[in-house]
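The structure appears right after this line, and notes come after that.
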């Protein structure tokens, strides 16, 4: 097909434009051969006639189809030309926010001027191991390709990063190095990758500066070689630098800065170590203020200095060398401020005592005189003599600046040398990857020597690039056996010859530099004479004789000759150098000592391979003059030649950085600047080379899949290659437009667009036909719906009219009825009103008459009542006066008698003999008092009777007098009333007449007021009704609002509760995940330790694995403290290995805490031993002096009874302390008991509470002993008669048995914490008891004085004695009742009751005994001690009886249970109906199978290794899973453990568990990649753990056990801690299982879920570029969705065969589906070609197949489906509409499982596969971002594929009876004996 045929109507083309470079237009007419004008329609709506060039007749470039716009690879475009490339880059950069694009082998990177979240560790992991074409373009993809080719081809690699200043070269190189450091890691523990990355901040600080184009511009070129060993781990690095811009040290243009390090120094002047440098702000130094903008927005120079110093330290440059470096830099700044003044026109000088020069000399260690002299003078040498000549000011300033530049260059080289030494490795380098970060092609308004060297280097690199591209293109054609035709491409060798050949620019420049009077002008003339008109690439400007023009590959550049010679010579005054060499500053001398021995801050220089020097080779010190004469151009050419040799020896990878605009605006694209750089960096040359041949390449399968729509059924053959050939011959007539290779079809430029046009036309015709049919169907459906609707409307209208007529008739009839009833109601209302009025008048009149009569009766009654109350009051007054007189007389008489009696009692009270009689004859006196009380009661009763008789007689007399008084008053009142009655009646008659008139008037008024009031009330009622209705409405509204608000509040509360619950669950899962991650890290370090141990200490033969290599196995023993300490000491060795994975500070704190606890334990043990020894000595002393120290002997006897309790309590405390120490030790190994963690807090709280309780017990001991001493001293005072009473009262208060018991238990609880020695001298070592004793003596004296004063108040004491006597009587009665009740108790309860009664009796007897011996203190003390001993004996007897009863009850239950079993057995085995029950032989013949085998297996200690070997190490899981019961090894191990527990052999239990755990770890380490093995041991480990729980004897785990299983519980050992160890082991096995499963699934997921077309024909394959993309067509060996499902079935069936717990299977499946969803989504987010509508359909179908698999396996409730939710929503996002705001709202509500970054990424990557699909507009994406900006979520783009859900092991009891398990012979366990 001719190219001109494509220029038809509506075809789109590109035309040149001044502003936009290229502009899109559309043809409005078909182009015909010979036309000179094209009629175009621009995108802005204007019409244009484009004239063709009359000479060339070239047509404008055609525009690619829309589906090809935005492709990852520019070579995939159908039309390859400049506007297509520019437009594709712009669409990707502006619309899709994609900064990377492939252009064949080149990665084009556009600087976004914005931080993007695409460089995280998750992105690195996503690109690791992937093919370069399978993922979206990225710098990581290039780095991965280089790393992969290095490992695959055994060839060194290079990554060449180039571009303009500000294009992002340094950042790209930095990310490439970060990728290598992250993916490869280091081969040693030296963290070489960190050192490699640490070199970046150092080189940026000393080599980067702010320019007008870039805030962090590299002002030098560098090539970093990253070395790898044979395992491709980083072992070191080496750096070469090129052409440092030294002139920037002394001069900066506007808006530019000097090197960053100077500003970092000035920003850190506040640091104390920088005080001696005497620095100030950057504005105060000449070398840092010329740019007039010393600050970079968003950069803190002080923080950057901190980063730089940390990088120096990491690279081994110590603090002293760092201070030296900063000292040199500060000296350069001060040197720049040295002011030179004119002396005359030919000389200059520096004023004496110049402050800055003084500081410079002090810092550099040189003399002020020499430096100031040689700054203003120079030495001239001739053949015979030497002259010292002064120089003018200008030359002096230049000499000063030259010295500054020279010092900085030397320092720069020194730092680079030492960075290389730090990065060098002694390990032999196997291969390397070089990263070249070099300046791109530069052209400015004024171009000088630096731009010339930069462009020269770019010419060399472009030549190497062209040759490499040409070579790759040639290899591709030869590989596919395509005829090779020579492609013409630009060769820049002539330009290179112009620069570097003999008599070239550099050669003439060096020659001119050697001339004595050489100048820039003479050099320019030589250039003109040599090359002008002889070389087409060399030109002379028209208006200048001091410049020249070179035609580079990118553009013409005009160079100004001024300064070329000076910069090429790079001269510096040698006398100034000599002054610096004579410095006392060691670092400065080292900088200028040439190749002498250099002292390295990082130690001696390491040996190893020879590295390429970063500078030209220097001569020996004797040849220093020759070295100075080597020009900069020559040095640069030599180093560039070395670089090219290195690059030619490696496989290059190209990264071209593009600067989108000059203003550093984020995501702003300037087409002019972009196209300049594209032309300069060689991208367009790559496009041109590709376009010259066959740029479009398709595999036969891809071509068939894409263009199947253009084929007919008869054209499709079984051979896809032959089918494609036949179709192409029909579609494309010109055979030169394509070529058939071995595996691909090659197309000329534009042919794919033509095929796409044919395909689109075919699809468009099909769409039109489909639309025609569907529109016909829709129109007919619409007609039928309208017809049906019309009929329905007619039916409903007629029905409505009929209903209206019926309604009218009903309303007429209803109106008549309403009128009838209304008239009846009015008449009845009128009648009722008249009747009510008549009744009201009658009622009012009758009521008035009744009220008048009632008033008369009421007045008469009130008069009678008043008379009655007055007469009664008079009588009571007389009675009260009489009674008061009688009482007063009685009081006087009784007072007189009481005084006499009181006097007698006082006389008797002063008598001591009387007091003794009272004490001795207390009972007689009590009886007398009782009789006295009875007599007084009788007298009281007689007096009461007399008083009541008097009251009765007085009442009768009062009533008689009151009646007489009333009668007299009534007669008097009646006489008075009769006299006044006539007058009253006349007055009443006149008053009634007046009242009648007033009543009539009032009645009329009332009637008027009533009418008015009725009208007002009616109006008010109506108004109130209206208000009531309004209030009701408001009330209803408020109720509704309240209900709604209540409902909303309830919903909010429910939602908040759900969120809180979810948060708690997440926190729990995070805590579990953290713990399990620590276990994983611990396992990794443990395995690493084992590997290192095997490598470093190889031993021949079999070596048994030490059982203490795991910190999880260093458990405590339960009965042996020695074994416990030994085990913990061995576990400490393992902690030393594993502590590398922990935080060192945390580990040291825990280790210190453990040491403190161990010391405390040892001190407690020593204290216990010392106390026991003291107790033995004290007991011997007590036995020797038992007769003389009775009280002390009693206490010794009491404490000897408690010694066993004290020892057991101390042992318990020691055991608790050991458990705390072991818990801390175990948790330290697991990383759990971190300071601040819950476990750590609990342990500290327990320890603190124990210490507090111990202190309290010590205080109680001191108080008790002080009381005993005080009582002993008090017994010796005979004169204090109140003490016997006090002790008697103490014992009286203890007479109740309950109180005695409580006192005894309190004494017992107190004495638990007493030291077991009663020696007061030992206890009184610190003098506490003596102080207590003295205090108590003072207290006793005070009490004695108080008692003496109380004797004077005898009356109060008598009352107290009486009250106490009464209480004693009540207590006696209560005790008698209690005794009577105890007698009624059953026999089994009488023991305790009798003891209690005995205690009460003895108490009473002791009271009598104490009363009897109060005269003799010694007998009193003996009696008291005897009482205490008897009380203690009784309480101990009571305790023993209780223990015996409980023991007997327990035995009785056991015997009853056995009898029941025997009876049941007897009934089962009963075969004779006539057999009697009491037959003696029957029980002997009952078979007892449960006794024959108790579910235990016995083995000898020496057979333990054989058991572990046969049951674990050599066991084949497949045989066990198929032939035996699931979990058999776990059951066997537990049965062996049961026997060891039965024997109470703690050593056997410990060794068996340790060997089992170590063996499982060993087999997993050996076969950790075998899913079947890992699954098998996960199942058995869980079963073993469940058995330990099920048979632990704990009630929580025994609920589902049978009686027999409960009998099989462990009896001697509590293995709860080992359960935790096994749980940790199960977690490790689970994580190993997940990793094994992930390794199997990982290769299948992307191919099966994304690339494979499960629904054939839905998605079409788009054209691919040079980068090979994995095909989505299912070839042989390609994984499909069926492969994933088959693998999932395999996993599930394997776990089911092994008997894995169902809950655990659900967790495994959930993790499997999470991995599938995460990997699929991550690849979707990183692959633009997968983000289309058809791919969304494929993904949803694949997900539905996975859900169907879950339903088949009954696993829908395991949470696996929820893990796929992000993937499902991403697929839905690809398929939903993406246009309107409603669509945006729907997307925001639908995609709640996706983050904002993921949603925006999918929308940006969405790519139409067909022309009928539309792209997502930028406006729509902005709308989505606006709606989602309030989301609080992680900004992470990719899902964490390494995340493992925390696993739990729910308790699953086994129904298998241990006694029924048989040992198969295949296991070779014949040495086990059934027990």
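Backbone N, Cα and C define each Cβ position, glycine as well.
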Scan 1287-1332, 1333-1378, 1379-1424 against TrEMBL and say which stretch is down as coiled coil. 1333-1378
Feature region 'Disordered' in TrEMBL, mapped to one of the ranges 563-595, 596-628, 695-727: 596-628
Feature coiled coil in TrEMBL, mapped to one of the ranges 1011-1038, 1039-1066, 1431-1458, 1459-1486: 1431-1458
Given the ranges 525-547, 640-662, 663-685, 732-754, which one is assigned the annotation region 'Actin-binding' in TrEMBL? 640-662
Students should find that the region 'Disordered' stretch in TrEMBL, chosen from 1089-1134, 1135-1180, 1181-1226, 1227-1272, is 1089-1134
Residues in the region 'Actin-binding' (640-662) grouped by DSSP into helix, strand and remaining coil: 9 helix, 8 strand, 6 coil
For the binding-site residues listed here, 165, 170, which shows the highest count of neighbouring CB atoms within 10 A? 170
With an 8 Å cut-off on Cβ distance to the 163, 164, 165, 166, 167, 168, 169, 170 Cβ center, who else from the chain surrounds the ATP site? 111, 214, 217, 218, 440, 657, 659
Grab the pLDDT values for the domain 'Myosin N-terminal SH3-like' (8-60) and give me their mean, rounded. 86
DSSP residue counts for the domain 'Myosin N-terminal SH3-like' (8-60), split into helix, strand and coil: 0 helix, 24 strand, 29 coil
Could you check the binding-site residues 166, 168 and say which one's CB has the most other CB atoms within 10 Å? 168
Restricting to the same chain and to sequence separations of six or more, state which residues have a Cβ under 8 Å from that of residue 163 (ATP binding site). 109, 169, 440, 656, 657, 658, 659, 677, 681
For residue 167 (ATP binding site), what residues in its own chain, 6 or more apart in sequence, show a Cβ-Cβ distance under 8 Å? 109, 111, 214, 440, 657, 658, 659, 677
